[in-house]
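Encoded as structure tokens, the structure appears first; notes follow it.
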Amino acid sequence: MEKVKQTIRAPRGTELQTKGWVQEAALRMLMNNLDPEVAEKPEELVVYGGIGRAARNWESYNAIVDSLKTLESDETLLVQSGKPVAIFKSHEDAPRVLLANSNLVPKWANWDHFRELEKKGLMMYGQMTAGSWIYIGTQGILQGTYETFGEAARQHFGGSLKGTLTLTAGLGGMGGAQPLAVTMNGGVVIAIDVDKRSIDRRIEKRYCDMYTESLEEALTVANEYKEKKEPISIGLLGNAAEILPELVKRNITPDLVTDQTSAHDPLNGYIPVGYTLEEAAKLREEDPERYVQLSKESMTKHVEAMLTMQAKGAITFDYGNNIRQVAFDEGLKNAFDFPGFVPAFIRPLFCEGKGPFRWVALSGDPEDIYKTDEVILREFADNEHLCNWIRMARQQVEFQGLPSRICWLGYGERAKFGRIINEMVANGELSAPIVIGRDHLDCGSVASPNRETEAMKDGSDAVADWPILNALINSVNGASWVSVHHGGGVGMGYSLHAGMVIVADGTEAAAKRIERVLTSDPGMGVVRHVDAGYDLAVETAKEKGVNIPMMK
């Protein structure tokens, strides 16, 4: 992959570089994904998650930018694994962009085949929001992480993480949310990463409080704050596959254990035990097969230590990076003895059509986001948990790139919020249009048996029709851009998922599109969980009037 040193930053204000606000939104969000404040390795087009890219290569990136600048408001641009391949006449209510990233026929859906194609320049890894142009930095996963640790606190620690120690690893674009999510819930956390740059970045953005290279110092500080029942987050430089076994040897058991290293990609994501970053990069280049094997062996040790901690009383869960699957394939037969975070903590929210709803101010003006915060506090005042989140986010979350906000809203709530935002753009309360989107990790848009659809009540974990239906209904309902990806979060062969983005530009046409899309999108989550037999989803569907032909 050619590295290009150039600083990409989305335009701000109301001057258009394109032929309409929807095209402008796509252009600005693509560029925002590659803003140095947002992307992990912008010079390689890598946004987050190992090698999750915004475009296949620099030639494709430039062609996408040129295409968006000339795209008419009744045309649709097609993007295949980060490369623009066609512009067709469509209509004004159709998506302006349709994206398909990293999709492989199931028999060939593995890292080896993907890498062959990538080497030939035929494919890229889109992760979830990297290739679909709606990544907003670490805030994008923060509330989900906050909700996860909050639910763990409610289930196991009396509603707060005060006086508890969480141990985790991985401080990249996704995992970097963990330290702040734990301290927001009142806890102490030691978060391990092999890359000092990742820890430094989280400290700079106020997601993590302190840095140390000493396990002794990390434990001393953690114990001191745990006894005081005060929150603190400690970024510890090191390899989790070495540090966790060392803690086991010392008979030190945290209260909560999880992991968000990039274990989904054994070649580009995980660093084997005994290697510096530089040595790992050299081995990756010279002997990728040996690198992958060493990574898998390290992951197995990592999971073994997590299992031992679980046996000693730690609340242990997988945070969706497929590390259990790797360890299982390496012969660790009890790797799945600790649950994934979705069945353990998040599924009830999915049954209500709730998920990580986000919006971005295309103006670049933080005031536009603060005004939308007030809408949440006013319109959803009865939801104290949600309002607390907004208040904390305002104080503690630093914007990366274009100002943005995330919060988990459910069926009915998303459409209501979208309507209000569009009206605020129309009457000039907001200085420019707002982009509304979400993660692919949502209630009705993903099939991922080791993560979002793990342990479904009816055994339908691997059924992948749902994300396809989600993309189809969002497209016909007029989403601004729609994406279908493979392998996000957990790696090749383990997930299919869909994304959508809708632009609130203040027009009446946008109001109608918003109403349709922000109803059908979370509606798919309710439908999917009704179909799987969840009573809470059935109650939600009946209460909200979701039309499900065979619902009992």
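Each residue, glycine too, has its Cβ placed from N, Cα and C.
It should be emphasised that the depicted structure is a prediction, and the values quoted were computed from it without experimental measurement.
Annotated NAD(+) binding site per Swiss-Prot: 49-50, Gln127, 173-175, Asp193, 239-240, 260-264, 270-271, Tyr319, Gly489, in sequence order. Residues or ranges marked as active site by Swiss-Prot: Cys407.
Everything Swiss-Prot records as a feature, shown here on the structure.
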residue	record	Cβ contacts under 8 Å, 6 or more apart
Gly49	NAD(+) binding site	Tyr125, Gln127, Met128, Ala130, Gly172, Gly173, Met174, Ser262, His264, Asp265, Gly269, Gly488, Gly489
Asp193	NAD(+) binding site	Ala169, Gly170, Leu171, Gly172, Gly175, Ile199, Gly235, Leu236, Leu237, Gly238
Gln260	NAD(+) binding site	Thr168, Ala169, Gly170, Gly172, Met174, Gly175, Gln178, Tyr319, Gly320, Asn321
Ala263	NAD(+) binding site	Gly269, Tyr270, Met299, His302, Asn321, Asn322, Ile323, Val326
Ile271	NAD(+) binding site	Val194, Asp195, Asn239, Leu277, Ala280, Ser295, Ser298
Cys407	active site	Gln143, Phe357, Ile376, Leu386, Trp389, Ile390, Ala393
Cβ neighbour count within 10 Å of Gly173 (NAD(+) binding site): 29
Where Ile271 (NAD(+) binding site) falls in three-state DSSP terms: coil
Gly173 (NAD(+) binding site) - helix vs strand vs coil (DSSP): coil
